[in-house]
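> To start, I am sharing the structure in question, which I have written as structure tokens.
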Amino acid sequence: MGLASRPPPPEYEGGFTLYLAFTSFIAAVAGLLFGYDMGISGGLSTMRSFLQEFFPNIYEKTKHRPLFRADAYCQYNNHMLTLFTSSLYLAALVSSFFASTISRKHGRRVSIFLSGLFFLFGAALGGYATNVTMLIFGRLSLGFGVGFGNQAVPVYLSEMAPAKLRGSLNLSFHVATAIGIFIANIVNFIAPFVDKTEGWRFSIGLVAVPAVFLTLGALILPDTPSSLIERGHPDAAKKVLQRIRGMVNVEREYNDLINACYFSNKIEYPWKHMFTRRYRPQLIMCTLIPLFSQFTGIIVVLFYLPILFKTLGFGDQAAIVSASLIAIVLLLTTFVSVALVDKCGRKALFIEGGIQMLICQIGVGFIIAKKFGVKGEGFLTRDDASMLLLLISLYFAAFSWSWGPLGFLVPTEICPLELRSAGQAISVSIGMLFTFILAQVFVSMLCYMKFGLFFFFATFLVAMTLFIYLFVPETKNVPLEEMSWVLKVHWFWGDYIPDEVIFEDPEGSYANWLDNRVK
């Protein structure tokens, strides 16, 4: 069969079922925990009782600082405070590699279960912390939970979902993340009213509630059909596939999964193969998409949103309220992506979101430059503050329906089964590495680069939008087993994909392989 006669990707039987919704809901709780841990750190960093307990120098400096005194850019420039935030992402970086191996050898469900356990331990250690060391070790444990969850859950959701709904279902992880961020901001607001001196313990310890749900839920989750076949359990895989598709006749999809797993098991060392020419397109996309996602500036702005608003002249509670409004925008606009990702496609949302974020970053930079200059002296009028809040809201909205969810979705789609765990581990680790770096240096960058920091991120938005336009193929409605075909017909990546990859294997090879796997 020649390339020109290659049939279009098949449409499989079955669709959305309540059982699929149930399993996806449990798995997506890992996203809620990720979002909560992202959202909670910025509020804690401006909570007076927290600063007084662990960072008394910053507490004294901000307590007595006049509202509009000079050097407003630098008042939170403290590396131990930023280490509290960024240590989570360093742990997530390391753990994602362990999670990759565990997911491939023991199934996605085991990694999800371990994620819940790490979240539980981190919540206990952080909630009962009596010094900075305990506090940071608690964050490290939460980071291991993030690493295992972010590696396993997006892959789990992609493998469970039917092709025509994969984008929407996978984005449930991002919806849960946005819900977690919103809850974190609400908790940060009410924590001082719960206990003026130790309300921060309530903020940190509350993560244990969804962590218990995730841990217990993982015990009843089925593993994905792809993972079960890959590990030699074809009968169990077929039963799971029938249940999540809501029908008995799933032969076409089941046979394609068998075929994909046949090729997968021919790859003995996935990490070694990931760096060969054959998989160069997947390696580049699994590296650059998460890297660019961090250099939108969104994550560090999200971490330090209360600090940023307080730096710009908002009061303590006003800063947290403003951050909460942004979290609401982030949550609501996530549903735009859910509604459009399988209709408009990935590339259109990527490109529109990049352009909108670029405009907003430039606008924020100009306002701060005009009002605070390079000395950090100045103040915001009501109109200035409203415009700043509007631009930041539009910026978060654009991220929420583009680079936020799609930065997780596309790397899980583009990799073949044999490299899916390794590819997702690379994607997560790259994201966490640069999240750690940016989180650690953001406050210092704000101190030294001033308003230029926003123009710094704007330059990356130009580069990443061009990358999507030129080098990322559209994966809308394409079954995971057919992604090599999408790359083969791409103008740039086609030369990297051998012709034999997209052609059928000789008749009988799959059946012989499956018999041997079962034996």
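Backbone N, Cα and C atoms are what each Cβ position is placed from, and that goes for glycine too.
TrEMBL annotations: computationally assigned, not manually curated.
Copying in the features that TrEMBL gives for the protein in this structure:
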- 16-36: transmembrane segment (TRANSMEM)
- 23-476: domain 'Major facilitator superfamily (MFS) profile' (DOMAIN)
- 80-98: transmembrane segment (TRANSMEM)
- 110-130: transmembrane segment (TRANSMEM)
- 136-157: transmembrane segment (TRANSMEM)
- 169-194: transmembrane segment (TRANSMEM)
- 200-221: transmembrane segment (TRANSMEM)
- 283-307: transmembrane segment (TRANSMEM)
- 319-341: transmembrane segment (TRANSMEM)
- 348-368: transmembrane segment (TRANSMEM)
- 388-410: transmembrane segment (TRANSMEM)
- 422-445: transmembrane segment (TRANSMEM)
- 451-472: transmembrane segment (TRANSMEM)
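Describe the structural surroundings of these features, if you would.
Residues 112, 115-116, 119, 145-146, 149-150, 152-153, 156-157, 160-162, 165, 169, 172-184, 206-207, 210-211, 213-214, 217-218, 220-222, 243-246 of the same chain lie 6+ residues outside the transmembrane segment (16-36) yet bring a C-beta within less than 8 angstroms of a C-beta in it.
Sequence-distant contacts of the transmembrane segment (80-98) (same chain, six or more residues past either end, CB-CB distance under 8 Å): 37, 41-42, 44-45, 54-55, 58, 118, 132, 135-136, 139-144, 146-148, 150-151, 303-304, 425, 428-429, 432-433, 435-437, 439-444.
Cβ atoms under 8 Å from those of the transmembrane segment (110-130) belong to residues 27, 30, 33, 54, 95, 99, 102-103, 137-149, 151-153, 156, 201, 204-208, 210-212, 214-219, 221 of the same chain, restricted to positions at least 6 beyond its ends.
Taking Cβ pairs closer than 8 Å, the transmembrane segment (136-157) reaches residues 24, 27-28, 30-31, 33-34, 37, 83-85, 87-96, 98-100, 102-103, 108-109, 111-112, 114-119, 121-127, 129, 169-170, 172-173, 204, 207, 211, 214, 224, 408-409, 411-412, 420-421, 424-425, 428, 431-432 in its own chain, all 6 or more past its ends.
Within the chain, the transmembrane segment (169-194) has long-range Cβ neighbours (under 8 A, six or more residues past its boundaries) at 16, 20, 24-25, 27-40, 42-44, 47-49, 153-154, 157-158, 160-161, 200, 202-203, 206, 210, 302, 306, 317, 320-321, 323-324, 327-328, 330-331, 334-335, 337-338, 341, 400, 404-405, 408-409, 412.
Same-chain residues lying 6+ beyond the ends of the transmembrane segment (319-341) with a Cβ under 8 Å from its Cβ atoms: 39, 42-43, 46, 167-168, 171-172, 174-175, 178-179, 181-182, 184-186, 188-189, 305-307, 309-310, 349, 389, 392-393, 396-397, 399-402, 404-406, 409, 476.
Within the chain, the transmembrane segment (348-368) has long-range Cβ neighbours (under 8 A, six or more residues past its boundaries) at 296-298, 312, 337, 340-341, 384, 387-388, 391-392, 394-395, 397-399, 401-403, 406, 450-455, 457-458, 461-462, 464-465, 468-469, 472.
Sequence-distant neighbours of the transmembrane segment (388-410) (same chain, 6+ residues past either end, Cβ-Cβ under 8 Å): 150, 154, 158, 167, 170-171, 173-174, 177-178, 285, 289-290, 292-293, 296, 298, 301-302, 312, 322, 325-326, 329-331, 333-334, 336-337, 340-341, 346, 349-350, 352-354, 356-357, 360-361, 363-364, 367-368, 380, 427, 431, 464, 472, 475.
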> Are there residues at least six beyond either end of the transmembrane segment (451-472) with Cβ under 8 Å to its Cβ atoms? List them, or say none.
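Hits for the transmembrane segment (451-472): 284-285, 288-289, 292, 295-297, 346-347, 350-351, 354-355, 357-358, 361-362, 364-366, 368-369, 372, 374, 403, 410, 445, 492-493.
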> Please average pLDDT over the domain 'Major facilitator superfamily (MFS) profile' (23-476) for the predicted structure.
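Mean pLDDT across the domain 'Major facilitator superfamily (MFS) profile' (23-476) comes out at 84.
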